[in-house]
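Working notes for the structure below.
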Amino acid sequence: MTDLTPREIVSELDRFIIGQNDAKRAVAVALRNRWRRKQLSDDLREEVYPKNILMIGPTGVGKTEISRRLAKLARAPFLKVEATKFTEVGYVGRDVEQIVRDLVDSAIAMTREHMREDVKANAYKAAEDRVIEAIAGEDAREGTREMFRKKLKSGELDDTIIELDLADNSNPMSMFEMPGQPGGGQMGMMNLGDLFGKAMGGRTVKRKLTVSESYEVLIGEEADKLLDDETVTRAALDAVEQNGIVFLDEIDKVCARSDARGGDVSREGVQRDLLPLIEGTTVSTKHGAVKTDHILFIASGAFHIAKPSDLLPELQGRLPIRVELRALTEEDFVRILTETDNALTLQYTALMGTEEVAVSFTKDGIAALAKIAADVNQSVENIGARRLYTVMERVFEELSFTAPDRSGEAIIVNAEFVETNLGALSKSTDISRYVL
Ligand SMILES: Nc1ncnc2c1ncn2[C@@H]1O[C@H](COP(=O)(O)OP(=O)(O)OP(=O)(O)O)[C@@H](O)[C@H]1O
């Protein structure tokens, strides 16, 4: 849960997504509303439901990206699923509940990852306390402890032998990466299971170790105490219920149109099946029951043919916030190539840098890339910013292959470079259809 304000959320999203301000504002408000809800009294809190969002816009303009970045920012469990998946042959109504099960699985992985990060710092601190206690004795005064803590940090005590009570079993455990040590540098990976088993419960044994050796063992024990499966699962279920975000793509493709017949029954069926999830129901998963009431749903579609008003009325009511995302222009492409934190120009420069090839882009080079992407989008098919990926890959094709032989060289990506590498290609619709 983040306490960022809507303005701060938008400015975080601005780092990765160009334009689409309405959509950014809508998701920022949705996230802030979760924080607001958290501040309420228990009984009122249960009454406040998320206002789900319907994103309307062509493909490749940032709908998924905004939602995914939002989830990351909020450390929220996130799942993207295509509504059309449920129109497939062999589909049975209850399958939509799989959405929640998948969300739980991804939440467990995410929660474990986050807890592992948190645990590293805490476990390190706890291990330090235990080492100090072993050296200074249980009843040592604060001043004495602090003195030892300083010595410990400077590495002075690394070779001191201490006696510790350690867990006495040897269940195999997972590999765990440890932070750096005082005086000992980076310890890298170690297999805790080889050393000791679960730190909780069980018997303990006394062991004599040097301080530097003991760190590995103690951090392992402390981390394990904090990271048992049950704690992770419980936290993950809670995260799904309170913070989960489901991105429901292609919702327009499950609309029954008044002028069409045939497949419409199953499409409308999918909407009917989705409805309880969005309205709030309880889904049983192998990790426990999950209430979907407060999960945020972001539905999305191009709505080229069907209109939002073609959705089931109940579903329309559950997607009260409508935002339109616009098609991206050549100018947007220039900005996407240069202004975002993860811009493709940065990525290619870094990748080539690993081969000691220094790539740089000139303004006219960027303009040429953006123009080709926009032209191909217009002449072949508009796939939005995704076109930049295919264009860039093509421009760099030759260099990507030969880079290891060209270490030490400087490559300037200017208009001429772009023209040489794909000028002819982009002018032929027939060819660019296949390669760009
Ligand atoms: N406005 C934008 N700014 C920066 N990058 C963008 C923008 N729009 C799209 N992209 C990039 O293009 C790719 C595709 O975008 P995204 O997955 O958000 O498409 P989408 O709108 O969800 O389309 P679809 O509904 O077809 O999945 C992503 O890698 C994303 O980073």
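Cβ coordinates are placed from backbone N, Cα and C, and glycine is handled just like the others.
Here TrEMBL flags Ile18, Gly60, Val61, Gly62, Lys63, Thr64, Glu65, Asp249, Glu314, Arg386 as ATP binding site. As annotated by TrEMBL, domain 'AAA+ ATPase' applies to 49-325. Per TrEMBL, domain 'Clp ATPase C-terminal' is recorded for 328-419.
Everything TrEMBL records as a feature, shown here on the structure.
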{"residue": "Ile18", "record": "ATP binding site", "Cβ neighbours (10 Å)": "20"}
{"residue": "Val61", "record": "ATP binding site", "Cβ neighbours (10 Å)": "26"}
{"residue": "Lys63", "record": "ATP binding site", "Cβ neighbours (10 Å)": "28"}
{"residue": "Glu65", "record": "ATP binding site", "Cβ neighbours (10 Å)": "18"}
{"residue": "Glu314", "record": "ATP binding site", "Cβ neighbours (10 Å)": "13"}
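In three-state terms derived from DSSP, Ile18 (ATP binding site) belongs to neither a helical nor a strand segment and is classed as coil. Averaged over the domain 'Clp ATPase C-terminal' (328-419), the predicted model reaches a pLDDT of 93. Assigned with DSSP, the residues of the domain 'Clp ATPase C-terminal' (328-419) fall into helix, strand and coil as follows: 61 helix, 8 strand, 23 coil.
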